[in-house]
Amino acid sequence: MCTTSALHTGLSHAPPRAQDVTRKCRRGRFATAASGVNVSPGVTMRVGSSVLACCCLLLQLLGLALFLRGFFPVPVRSQSRKNSVSDIPSEPSAGAKSNWTALPSPLFKKTVIFLIDAFRQDFVFGPKGKMHMPYMTEMVEKGTTHSFIAKATAPTVTMPRIKALTTGSIPGFIDIIMNLNSQELLDDNLIWQAKQAGRRIVFYGDDTWIRLFPKHFVEHDGTTSFFVSDFTEVDYNVTRHLDNVLSRNDWDILILHYLGLDHIGHLTGPHSHLVGPKLFEMDNVLKKIHTSLMVKEEDGSLPSLIVVCGDHGMSETGSHGGSSDEEIETPLLLISSSFERKGEPAKAPDILQQTDLAPTLAIGLGLPIPRNSLGTLIHPVIEQKTMREQLRYFHLNGYQLSTLLRENVESSEKDVGFEQFKKAEKSHGNWIKLYLEGNTSEVLTNLGRKVLKQYIEALMKLSSSLSKQVAEYDMYSMTVGAIITLEILFLLLLSVPNALCSRAEFEVPLSSPFFSLLFYLLCLVLAAIHVIVCTSTENVCFFCSISWVMAIGIMTLMSALCCIILSTFGKMLSNAKSPNKRPDSVSLWSELDVILLMGTLGHVLSMGASSFIEEEHQTWYFLVNTLCLALAQNMCRKYFLVKKGNPIDLATHKRTDNEGAYIKEIYDMHKKEMREERLPILSRFVKDHEKWIALSSPWAILICCRLLRSLNQTGVQWIHRPDFGHWLTSSEHKAELSFLVAVSLVMIFILIQGRCSFVSKVALAFGLLGVYSYRAAIGHVLYPWQQSTKEISKGITEARFVYIFVLGILITGIKDLIKSQVIITDSKAKSVGLWEVYCGLVLLAALLFRPHNLAVLVFCLLIQSTLTMFIWKILKYDAAQVTLMHYWFGQAFFFFQGNSNTISTVDVSAGFVGLDNYIEVPAVFLTVFTTYSGPLLWSIHLLCYLNSESSRLSTSIAHGCYCYAIIRSLPVTIYIILITVLRYHLFIWSVFSPKLLYEVIHLLISVFVCLFFTAVDKNQMAKSDV
């Protein structure tokens, strides 16, 4: 075994002659390839570092899946699936016999639900409303309306919000994933109740409704909500039905869901010049509906009701999914001739919960309130009714809420809201008794007002109590998942000395007596715990619901991991105490080692604070800037101090008899490597002044990072502030944006084409030209050769044109990689193949990025080239250090793109580039790729760099893969422990939960990255063995 210490092996500089150390580490006949597997006789199995890294991350995904299933549980629900008329309570009477035992009659004859997707409240109550929605503004100020600001809850995406509007419940946060593929809604809801009551429902708009409520509509026409490039046809397909349906009387409920405003937000943001015309279009739709319904109302008949609302708002970047005020605050307008006309200036709208609409519509339509509703009745809607009717409505709402509380909370009788409802119900009975006795005095009126006030207060407290109990954590599943994840992290950390030695392998213990005894003992203990937990718990537990075969398999895995960890730890202790152990690597830590280690650990620990999660970009900006300063110090030390024999740097490089000769040797080697690469950006001037360019490189990178910070505001605190990206994307600066896009595309070609084959260079050039054509086709940039204004299109043809070249470059690179495996002596084929795969991904990113973010891609390539040519190869950093630096820059570029830890910054529009309709798999892939393109491009560049270094150290790819696995496993493991402790934190759903989803998806991407590393590493080692 290679017994190099973990500290030295993980973060020390590589020696100049790695083969000498390799001979020391190679013992016995079972020396294996870095990514191969070999079994020693009867005791251990040797696993390569990259294989171990991949296996560990895959097992960690299993643990995370269990943890997520427990952390995002099923929300509290009534034990009975649906409410029915037979469940309606009678009117409290305090001894007297009331004759009102049936469901109240409906208040409205026809109801129109006019839902505008991503309808922010300031689009109605702000300056945009007065400017672009004159009819709606007049109705708010002078009409027979009640206007409110309805607050939604995170996640602010369409499907959970439709559930909230129709059921009155708060959907689980995991519904944000289910939003992509909505299934039939089985919970009690208004649509089902209306159908059971014989109401005829007509729907036009977002087809999410059709998936949630199949066979509920007598007539429907759905439009896809995911094709965000279309904001014209998607609304026309709704409006074209209006004249016909409004002229008929064969419907009771009309639901219209308009998507155009949401699509404009995703494409160009809430301040786009396209928003005003779209709001005016929606205003005309409201005018048409209102005028038509008013004309048909007859004297003596029930009035109609128009509900104007939004499912969610829109952030300052045009997205949604988070919990900012712009995303959760939506307008709610209730328009009916039964409401009093306003005779005074309109006051500021009251604020209520979006879930309050469900019980209000149920009462208005004469339907039972959905069983799982947490909402409270909106009092202004019924304030024109008699006192007895108002009390009856509130009693029905209170009875439903108290029943739901009783079914989900054990000590519900002690709840303040429940006690107050019982008190109000008793007072209500006394009022009914006086009313039935014919009492008409002032006492009856005052008592009625008192009871009404008691009901309103009781409903608010009941709703609040239920909101706090909206979901119960499945602690058993969370614990099992967390233990597996933690065991994997311990195994990765304990395996560092072996996995990062020159042989890059780990011995897995298999059959020692201690291992076997402890293994079976742990299996028995875990099985006993499983039986006890699953037979004693009253709540539904996911881990208890799976089959016994799967449960035993997971418990066996946990026991085996624990035994392997203990065996590995025991072997480390015995090696440390062995007198024959020769400390061949007692090395000092450099300042860079300390910075990389402390910075990574500091970032992980900072995730326990909500503010650090919201502003995580500040942490990475600080770390990257610090790294640049450390690199500048090391560069100065190399050129000015090492040649004088400065002892500080002797810990950084292997000691030699002639330090100056060694420095000259690696300096000449570096110049030779640059000549062999023949990169076109290296001119004669650069070669002649290489020293001063290398000294200035860290400072140039520092300046680039500072410029990138001003391009996209992100986070939560300052995202509302204007940035350079907003200035570029405004319609007044299209010419400047066009110039930036053109220059960026040219720079991309210059920076990456040098190492490509001729065919790939041609494909890359045409692909980048297609990117500009696509952006011009959809109206983002100008055609320089066309003066007239070009009509905006979907750009489908241009985007597919680029996809062809992306696939061509990727296929060419993969072909070269296969060639490097088949033709053993062709060492250049793999380097060219890896670089072409990287170039194909860069071209895909150029197509999917927002146009102003092409500058981010150019700076990414510039920084990578600068680090490769003038820093890493000169200072000869080892694989662990280079991997950590790649990871840091990848995380920083994740935020340089404008991403954050809120769902609202996900660029959904990128998932539909080149698609004329919604196709789930490519849409999800393109969206995820765009979001994580920063970390992904830096990880693939890491592979390209380590492959070029494999001639100097054959295990560099295996070391890089293993280090990458550790630095991805560490934050995920620590984070799930932190959010388990903080699961009752105020911001658990708005801050910590979105971050958890980001981390899990990032880990999933890291698994594929490590698999790619392993495949490439296996080819390299196969060639070495031959």
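Just so it is clear, glycine is given a Cβ too, placed from its N, Cα and C backbone atoms.
Looking at 735-753, 830-848, the range tied to transmembrane segment in TrEMBL is 830-848.
Residues 745, 748, 752-753, 755-757, 760, 764, 767-768, 770-771, 774, 799, 802-803, 805-807, 809-810, 812-817, 819-820, 854, 857, 861, 907, 910, 913, 926, 929-930, 933, 936-937, 940-941, 943-944, 947-948, 1016, 1019-1020 of the same chain lie 6+ residues outside the transmembrane segment (830-848) yet bring a C-beta within less than 8 angstroms of a C-beta in it. Within the chain, the transmembrane segment (51-72) has long-range Cβ neighbours (under 8 A, six or more residues past its boundaries) at 35-37, 172-174, 473-485, 488-489, 491-492, 495, 499, 506, 542-543, 554, 557, 561, 961-962, 964-966, 968-969, 972-973, 976, 979-980, 983, 993, 996, 1000, 1003-1004, 1006-1007, 1010-1011, 1013-1014.
Between the transmembrane segment (996-1016) and the transmembrane segment (923-944) there are at least 3 Cβ pairs closer than 8 Å, counting only pairs 6 or more residues apart in sequence, which means the two stretches are in contact.
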